[in-house]
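One structure follows; several queries about it will come next.
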Amino acid sequence: MEMEMEKTASPANDDDDDDEINYRGLKVMPFIIGNETFEKLGAIGTLSNLQVYLTTVFNMKRISATTLLNVFNGTTNIATLVGAYLSDTHFGRYNTLGFASIASLFGLLVVNLTAVFNNLHPPHCEPGDSQCIGPDAGQMAFLLVGFGLMVVGAGGIRPCNLAFGADQFNPNTESGKRGIDSFFNWYYFTVTFAQIVSVTVVVYVQSNVSWSIGLALPTIFMFLSCFLYFVGTRMYVNVKPEGSPMTSLVQVVVVAFKKRKLELPEQPWITLFNHTPPKSINSKLPYTHQFRDKLHLTLFVVVLTRDGVRNLSPGSFESFLDKAAIITLEDEIKADGSVANPWNLCSMQQVEEAKCVIRVIPVSLTAILYHIGAQQQYVVFQALQSDRRLGNTGFQIPAASYVIFAMLSLTLWVPIYDRLVIPFMRRIKKGEGITVLQRIGIGLFIPIVESLIGAVVEERRRTLALRRGSAVSPMSAMWLVPQLALGGLAEAFNAIGQIEFYYKQFPENMRSIAGAFFFCGSAVSNYMYSFLISVVHRMTEGSSTGNWLPEDLNRGRLDNFYYLVAALCAFNFGYFLLCASWYRYKGTGESSIGMEMEAKKLDEHTA
C-alpha cells in the first residue's frame with residue numbers, strides 16, 4: 001500500500017482556487033482511527049450493558065429500562081440529522097467532531113459518577129426483593145444529564161467521522177483513492193474490534209468486578225479518544241462548510257408550490273430549465289416520470305392550496321415537482337446560464353435530485369420493522385434466566401456478552417460474501433452479482449426465521465424452568481446463539497446493504513445526510529419498539545393467557561411476542577417486495593430512455 005505523504009493538491013472541484021491542500025493521507029490515520037477505536041470502546045462499553053445496570057443498580061423494572069433505552073437510542077440516532085446539518089452548514093466536520101467528542105466524554109463521566117457515589121443511585125436491592133426502592137427524581141435527573149450529553153456526542157460523531165477520515169486523502173490521485181479504500185476497511189475493522197472488546201472485557205468487569213471500575217473504563221477510553229483527535233489537529237485537512245445540500249430540496253418544494261397553478265409543458269424534458277453548475281460534484285440525471293408510470297402505488301401527498309387541501313396521486317405529485325423548473329417571464333437568467341433567484345426557479349437537475357430522495361423513502365421505511373426483528377433486546381433477559389456456565393467450568397458468561405455471537409457472525413460472513421459469494425454470483429449471472437436491493441431483501445427475510453427460532457427456544461427455556469421450579473432455567477444460554485448468529489447475518493446483508501443503497505442513490509453532495517438517514521431508520525425503530533412493548537404489556541396484563549412480558553420471564557409468554565415480531569417481519573418483507581419491484585436506480589429507467597428517443601424523433605421531424 002502506497003502511503004499518501006505530505007502531498008500538495010488543488011482543492012477538489014475548484015480549479016480556479018490558488019490555495020493548496022496538504023493531504024497527509026495515511027500519516028494522520030493513527031490519530032483518526034485511534035480516536036474512532038477508543039470512542040467506540042467508550043460508547044459501546046457503556047451502552048452494551050446499560051439494561052443490566054438500570055435494572056440491578058437503579059432498580060428499574062425491565063419494561064421501564066427497555067423503554068428508556070429505546071427512547072435514548074432513538075433520540076441518539078435522530079440527533080445525527082442535526083449533527084450532519086450543523087456540520088455541513090455552519091461548523092465543518094473538524095469542529096463538530098471535536099465538540100461532540102468532548103460532550104461524549106462528559107456524558108460518560110456523569111454516568112460513571114452515578115455508580116461511584118452511593119447518593120447518586122438507589123440502595124442495593126437483592127434479586128426477588130419486593131421492597132426495592134427505585135431512583136428518586138434527583139438521581140434520575142443526574143443520569144438523564146449524562147444520557148443527554150451522550151446524545152449530543154453521538155449526534156456529532158456518527159455522521160462526521162467517516163467523511164472526516166476520507167477528507168484526509170486526495171480524491172484526484174490513485175494513491176489517494178486507494179488510501180480511502182484502506183481507511184474504510186480499517187474503520188469497520190476497528191468498530192468490530194471495539195464492539196468485541198466492549199461486550200467481553202468491559203462487560204465482564206462491570207458484571208463481575210465493579211460497576212464503578214467498569215464504567216470508568218469507557219470514560220478513560222473516551223479521554224484517550226479526545227487526546228488522539230486533538231493531537232493531530234495541525235495535520236488534518238479541514239474542509240470548510242459550503243452550506244447544507246438540503247437547501248436545494250427545500251427550494252424545489254417552495255418553488256413548486258409557488259408555480260402549482262401553471263400548466264406543465266407536453267414535453268417537459270425539452271422545455272424545462274436545465275442548467276447544471278460546472279463545478280457540481282453531482283452526476284447529471286435524466287428526466288424521469290417514474291411516479292406517473294406507477295399509479296398502482298398508494299402514495300398520496302397532501303399539498304396546501306389557496307382553496308384548501310387536495311390529494312395528489314403519484315403522477316400529479318411528480319408534475320407538481322416538475323413545475324419548479326418551468327421558466328416564466330418573471331424568472332431572470334444570468335449570463336452564465338444560472339438562475340438569479342433560486343427561490344423562484346429550480347433546474348430540472350434539482351428536481352430529479354429531489355425525486356431520488358423521495359424514491360428512497362418507501363424502501364427506507366422497511367428499516368423500522370427490520371431493526372425490531374434483528375435486534376431483539378429481550379435476549380439479555382433470557383440469558384439472565386438461563387444457565388450461563390461455560391461448559392463444565394464454574395465461569396459464567398455475562399448476559400450482555402452473548403451479543404458477541406451476532407458480531408462474530410457478521411465479521412465471519414462479510415469476507416466470505418466479498419471473496420466467495422460475490423465472485424461466484426458474478427460468474428453465474430455474468431454481471432455484478434447480487435444487487436443492493438436483493439441484499440437488503442435477504443436481510444429482511446432472515447429476521448422472520450430468527451424470530452421463529454427465538455420463539456421455539458424461549459418456549460423450551462420456560463418449560464424447563466417451570467418443570468424445575470427455579471427462576472433460572474437449566475437450559476444452556478448457548479441455545480440463544482442460533483438466533484443471535486442469524487441476527488448478525490441479517491446485519492451483514494441488510495444494514496451494510498442499506499448504507500450502500502443510501503450512499504449510491506442519494507445525490508453525491510448529500511452523502512453525509514445519507515449516513516444520518518441510516519441512523520434515522522434505527523431511531524424510528526427504537527421508538528416503535530418501545531411503543532410495541534408498551535402496547536403488548538398493557539393488552540396482555542389482564543388477559544387469560546397472562547402477561548407476555550412480565551418481570552419474571554418464566555411467568556410470561558415471550559415466545560408469543562416472538563411470533564408477533566415474526567408476523568410483523570413477514571409483513572415488512574412483503575412490503576419490501578412491492579417497493580423493490582417499483583424502484584428504479586438513480587440515473588436509470590425505461591422512462592428516461594424512451595423520452596430521449598422521442599426527443600430525437602421530434603428533432604428529426606422539425607428538421
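Cβ atoms here come from the backbone N, Cα and C positions, even for glycine.
Note: TrEMBL annotation is automatic and uncurated.
The feature transmembrane segment is assigned by TrEMBL to 97-117, 137-157, 186-205, 211-231, 394-416, 436-457, 516-540, 560-583.
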Might you confirm whether the transmembrane segment (560-583) is in contact with the transmembrane segment (436-457), defined here as three or more C-beta pairs under 8 A between residues 6 or more apart in sequence?
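Yes, the stretches contact each other.
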If you count Cβ pairs under 8 Å, which stretch among 186-205, 211-231, 394-416, 516-540 touches the transmembrane segment (97-117) the most?
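Top-ranked stretch among 186-205, 211-231, 394-416, 516-540: 211-231.
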Taking the transmembrane segment (186-205) as the reference, which of 211-231, 394-416, 516-540 gives the largest number of Cβ pairs under 8 angstroms?
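Result: 394-416.
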Sort out the residues at least 6 away from either end of the transmembrane segment (516-540), same chain, that have Cβ-Cβ distances under 8 Å to it, and list them.
63, 66-67, 70-71, 73-78, 80-81, 83-84, 158-159, 360, 364-365, 367-372, 377, 495, 498-499, 502, 506, 546-549, 557, 561, 564
